[in-house]
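First the structure, in the form of structure tokens, and then the observations on it.
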Ligand code: NAD
Ligand code: GLY
């Protein structure tokens, strides 16, 4: 399977996304992105034993010296303390402003490494090598980088675009099923907000995706990245359209913060949050009952939750949802659907309607 190369068109900050198999073993991509002698590689204690040696061998084979930084694994470590471990590694090895920093891992490693690169000596080049489905279809593309705060998810961060995204589909072979399913939540999102034919394609191929058919996974990653690249190219800093990529996220982030980071996976929280947004869209008369059932059936087929966690009460959500980057003048704005395939950012729902949608998907 030849790699597919997409482009994120951002003028001088444009970059390619390589999608394919065996990319960690071939050095075709390397030259323009690692021009000097040294490169830092940030990973975590789960991914490093699986893939860091291979990547290091490839880089060393090309005459590069690799500076490894291995972080603890987990959303609960997406914080200042862990970020500092990256700076300790970079400074401890005298990395320069031009030393590329490579992120090898899922969205947590990618978001933290990107933020470290944005800050290190006021901005160092970085490369995303995403190894989860979620990171390959979403987090590695678009330059959003962040850490969490106990009061809110991804609340501290920066926009800092990578120079290259290298999505090796073979890394998904070792991904646990639960993580694969979590990634599918973000894939389904693109169908719901802007790509109805893709939604139908996902309905037709969900079983094959769950069975890890490589050509289907390649197609899902390609179509997701195409959608994301188009949105990011039009609205890099989320002045408008990019907010649509947050379907289900305001509810989902409340679940992640409310349960404690890492208890529910990001994709799982997004799936339950998507159903809350879909219920709310139905309440507003924008979706039919058949639309609601269609979304619920697809998320269920993907093995994702369609209700919030039993341990959270509906009343817990709204205070947490106020720590959201879409809040303007104290007003909550949510991504809703005016028909399947058509996302909108809306402040039309009242707090009572929002609460009713949360209640419809909560046990208490
Ligand atoms: P993650 O990074 O925690 O990875 C999930 C788990 O899989 C981890 O335990 C990880 O060590 C392990 N893992 C990674 N690759 C593996 C592999 N190939 N084989 C075996 N295990 C592997 O989680 P995620 O779902 O990749 O990312 C979620 C994070 O991404 C959240 O923090 C979320 O906020 C963020 N995110 C960011 C953006 C963005 O635009 N920047 C978009 C969506 C999500
Ligand atoms: N995942 C949301 C965004 O990149 O904007």
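Cβ from N, Cα, C; glycine included.
Residues annotated as NAD(+) binding site in TrEMBL: 73-78, 107-111, 131-132, 144, 153, 171-174. Residue 171 (NAD(+) binding site) falls within a helix when secondary structure is assigned with DSSP.
The Cβ of residue 249 (Zn(2+) binding site) has 26 other Cβ atoms within 10 Å, all protein chains considered. Residues or ranges marked as Zn(2+) binding site in TrEMBL: 186, 249, 266.
The annotation domain '3-dehydroquinate synthase N-terminal' is assigned in TrEMBL to 69-181. This prediction places the mean pLDDT of the domain '3-dehydroquinate synthase N-terminal' (69-181) at 97.
Among the features that TrEMBL reports, domain '3-dehydroquinate synthase C-terminal' is placed at 183-327.
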Local Cβ density at residue 186 (Zn(2+) binding site) - other Cβ atoms counted within 10 Å: 27
Cα distance (Å, whole number) from residue 171 (NAD(+) binding site) to residue 266 (Zn(2+) binding site): 20
Binding-site residues whose CB lies under 6 angstroms from ligand 1, from 76, 107, 110, 249: 107
Alpha-carbon spacing, residue 171 (NAD(+) binding site) to residue 186 (Zn(2+) binding site), which is rounded to whole Å: 18
